[in-house]
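Trainee: So that we are looking at the same thing, I have put the structure below in structure tokens.
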Amino acid sequence: MMRKLSSGDRLVLASHNAGKLREITALLEPYGIDVTSAGVLGLPEPEETEDTFAGNARLKAHFAAKETGLIALSDDSGIEVDALDGAPGVYTADWAETENGRDFMQAMSRTWRELEERNAPEPRTGRFVCTLCLAWPDGHDQIYRGDASGRLVWPPRGDQGFGYDPIFMRDGQSVTFGEMPYSQKEPLSHRSAAFRKLVAEALV
Ligand SMILES: O=P(O)(O)OP(=O)(O)OP(=O)(O)OC[C@H]1O[C@@H](n2cnc3c(O)ncnc32)[C@H](O)[C@@H]1O
Ligand SMILES: [Mg+2]
């Protein structure tokens, strides 16, 4: 049985990523949901121990729903590069980890270096993937997945967006997600593709 969110429901966003929070808040804006976040409520970040996007999305959403007693929405996402056999995939954030916190310039450089080492032919195709999990405090959940296919480019371009946006060019586009204002990225993104499915099933 699928459950629906209704206007006035209180929802906790189970993410500590400022870029995602900005994008998901904007997507939810028209629906009259009362949105708060894991950071605002002081929730710790659960360890992402699963090896699938859906597994980690479930883990993050259920953790926040149980801790708060609210409906929770999580986002587990990443970039899959074809010539790297889908890497970094679920490990996209891990590739950015350094002793001093996350460094996405380092993660993007590693990705490009590995493509060079393999002499991967152009275009260097791949996709952003987003899995949203909506979880209720009683343990029920619903999963929505979206993707956005494109190619990786070098050097990084643009200072908008977050994460890998400066090296990702969506199919049919001639600028990276990093060069687009959010209003231009939104209709093209993996996150909004997943969100459209959530809206169709759980919001209207
Ligand atoms: O787990 P939470 O707290 O939500 O935040 P996170 O940053 O750790 O998120 P993930 O575990 O899902 O890791 C996915 C990484 O993939 C990257 N990513 C996901 N969506 C992206 C987007 O729209 N643009 C650029 N990079 C993105 C981003 O850098 C994330 O850190
Ligand atoms: Mg994470």
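Backbone N, Cα and C atoms are what each Cβ position is placed from, and that goes for glycine too.
Heads up, here are the entries from TrEMBL:
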BINDING   SER15, HIS16, ASN17, ALA18, GLY19, LYS20, SER77, PHE162, GLY163, TYR164, ASP165, LYS185, HIS190, ARG191  substrate binding site
BINDING   GLU47, ASP76  Mg(2+) binding site
ACT_SITE  ASP76  active site, proton acceptor
Trainee: Filtering SER15, GLU47, SER77, GLY163 (binding-site residues) by proximity to ligand 1: which pass a Cβ cutoff of under 6 Å to any of its atoms?
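Mentor: Listed by sequence, the hits are SER15, SER77, GLY163.
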Trainee: In whole Å, note down how far the CA of ASP76 (Mg(2+) binding site) lies from the CA of SER15 (substrate binding site).
Mentor: 9
Trainee: Looking at the binding-site residues ASP76, ASP165, which sits with the largest number of other Cβ atoms within 10 Å of its Cβ?
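Mentor: Max Cβ neighbours within 10 Å, all protein chains included: ASP76.
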Trainee: Can you tell me the CA-to-CA distance separating ASN17 (substrate binding site) and ASP76 (Mg(2+) binding site), as a whole number of Å?
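Mentor: About 11 Å separates the two Cα atoms.
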Trainee: Per DSSP, to which secondary structure element type does SER77 (substrate binding site) belong, with helix, strand and coil as the options?
Mentor: strand
Trainee: Roughly how many angstrom lie between the C-alpha atoms of GLY163 (substrate binding site) and ASP76 (Mg(2+) binding site)?
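Mentor: About 13 Å separates the two Cα atoms.
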Trainee: When the number of other CB atoms within 10 A of each residue's CB is tallied over all shown chains, which of the binding-site residues SER15, ASN17, SER77 has the maximum?
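Mentor: Checking each of SER15, ASN17, SER77, the winner is SER77.
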Trainee: Including all protein chains displayed, how many Cβ atoms other than that of GLY163 (substrate binding site) lie within 10 Å of its Cβ?
Mentor: 23
Trainee: Which of these binding-site residues has the least crowded Cβ, counting other Cβ atoms within 10 Å: GLY19, HIS190?
Mentor: GLY19
Trainee: Can you give me the Cα-Cα distance between GLU47 (Mg(2+) binding site) and ASP165 (substrate binding site) in Å, rounded to a whole number?
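Mentor: Just about 24 Å between their Cα atoms.
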Trainee: Cα of HIS190 (substrate binding site) to Cα of ASP76 (Mg(2+) binding site): how many Å, rounded?
Mentor: 11
Trainee: Among SER15, HIS16, ASN17, ALA18, GLY19, LYS20, SER77, PHE162, GLY163, TYR164, ASP165, LYS185, HIS190, ARG191, recorded substrate binders, what is the largest CA to CA distance in Å?
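Mentor: It comes out at 21 Å between the most distant Cα atoms.
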Trainee: Under DSSP, is ASN17 (substrate binding site) part of a helix or a strand, or is it coil?
Mentor: coil
Trainee: Provide the number of Cβ atoms within 10 Å of the Cβ of GLU47 (Mg(2+) binding site), excluding the reference atom itself.
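Mentor: I get 10 for this one.
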